[in-house]
Amino acid sequence: MIPYHDLLERILSDGAEKHDRTGTGTLSVFGHQLRFDLAAGFPMLTTKRLPLKAIIHELLWFLQGDTNIKYLHDHGVTIWDEWADANGDLGPVYGAQWRSWPTADGRSIDQIAHVVDMIRRNPDSRRLIVTAWNPADVEKMALPPCHCLFQFYVANGRLSCQLYQRSADVFLGVPFNIASYALLTMMVAQVTGLKPGDFIHTLGDAHLYSNHLEQARLQLTRAPRALPAMAINPAVTDIFGFRYEDFTLHGYDPHPHIKAEVAV
C-alpha cells in the first residue's frame with residue numbers, strides 16, 4: 001500500500017489549509033490517483049487495522065438498496081450513526097441511487113442490475129457507469145455521496161473499476177473505500193465470469209483533517225506488510241446473492257488500530 005503512504009506524505013508536505021463544512025479544518029490537495037492490481041493481493045491497509053466486518057456489511061447494505069441503519073445495527077456496525085435521524089433513516093443515499101434511481105416519469109432505474117447485465121452483454125461498452133450523485137436528491141440526503149461515480153472496464157478477460165471520489169477523508173475514509181470498491185470489483189467480476197483487474201481510485205479534494213495529522217505521521221513510521229488475499233464463495237453467481245459468510249480474508253497481519261475522531 002505504498003501509493004496510500006505516498007498520498008499521506010503529499011498532503012502533509014504540500015497540502016493547502018482549508019476550512020470545511022465540519023469546522024475542523026483540513027490540509028488538502030486536489031486531484032490524486034491510486035492504482036491497485038487486484039491480482040497482487042487484496043488492498044487492505046496493513047499499517048493500521050481496518051474493520052473488515054463493517055466494510056463488508058456496508059457494501060452489502062448498499063447493494064440491498066437500503067438507506068436505514070437498522071441492518072447495520074443488527075450486524076454490530078455503527079459507522080453511519082452520526083448522520084441518521086431518530087428513525088435511523090438517511091434519506092436517498094448510496095443504496096437508493098444505486099438500486100432505484102428515480103426518473104422524471106415516475107419509474108426507477110436499478111443501476112447495479114443494469115451495469116452487471118451490460119458487462120455480460122456488451123463488455124466493450126464505455127457506458128458501464130454507476131452514479132450516486134443525483135442533484136435532485138442531494139438536499140434530501142443526510143450526507144451527499146463522497147464516492148460518487150464508478151466505471152467498469154473489461155479487457156483481456158479482466159474487469160477493472162475506476163472510482164471518482166469528490167471528497168476524500170484520507171485518514172479514516174479512503175482506506176475503507178479502497179477495500180470496499182476492490183471487493184465490489186471482485187464480486188462483479190465473479191458474477192460476470194471475469195477475473196479481477198485493477199482498482200483505480202481517483203480523488204478530487206483529498207484531505208487530512210487537522211485532528212488526524214499526528215495519526216497520519218504515526219502511520220508513516222510503520223512499514224507496510226504483505227497484502228492479504230480475499231476468498232469469495234465461488235458458488236455465488238448473483239450480485240445480490242452475496243452474504244457476509246461468503247467472504248474470507250487470508251493472511252491479514254496489520255499494525256494496531258490508530259484511533260481518530262470522525263468529522264461530522
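Any Cβ shown, glycine's included, is placed from N, Cα and C.
Annotation source Swiss-Prot lists dUMP binding site at Arg21, Arg126, Arg127, Arg166, Ser167, Ala168, Asp169, Asn177, His207, Leu208, Tyr209, citing sequence analysis. Positions annotated as active site, nucleophile by Swiss-Prot, on the basis of sequence analysis: Cys146. According to Swiss-Prot, the (6R)-5,10-methylene-5,6,7,8-tetrahydrofolate binding site annotation covers Asp169, Ala263.
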Could you measure between His207 (dUMP binding site) and Ala263 ((6R)-5,10-methylene-5,6,7,8-tetrahydrofolate binding site) for me? Cα positions, answer in whole angstrom.
12
Near Asp169 (dUMP binding site), which residues of its own chain have a C-beta under 8 A away, given they sit six or more steps off in sequence?
Cys146, His207, Tyr209, Ala263
Among all protein chains shown, how many Cβ atoms are found within 10 Å of the Cβ of His207 (dUMP binding site), not counting that one?
28
Determine the C-alpha span of the dUMP site listed in the record, that is the greatest distance between any two of Arg21, Arg126, Arg127, Arg166, Ser167, Ala168, Asp169, Asn177, His207, Leu208, Tyr209, in Å to the nearest whole number.
36
Relative to the Cβ of Arg21 (dUMP binding site), which residues of the same chain, six or more apart in sequence, are found under 8 Å away?
none
Is it possible to get the count of other C-beta atoms within 10 angstroms of the C-beta of Arg127 (dUMP binding site)?
10
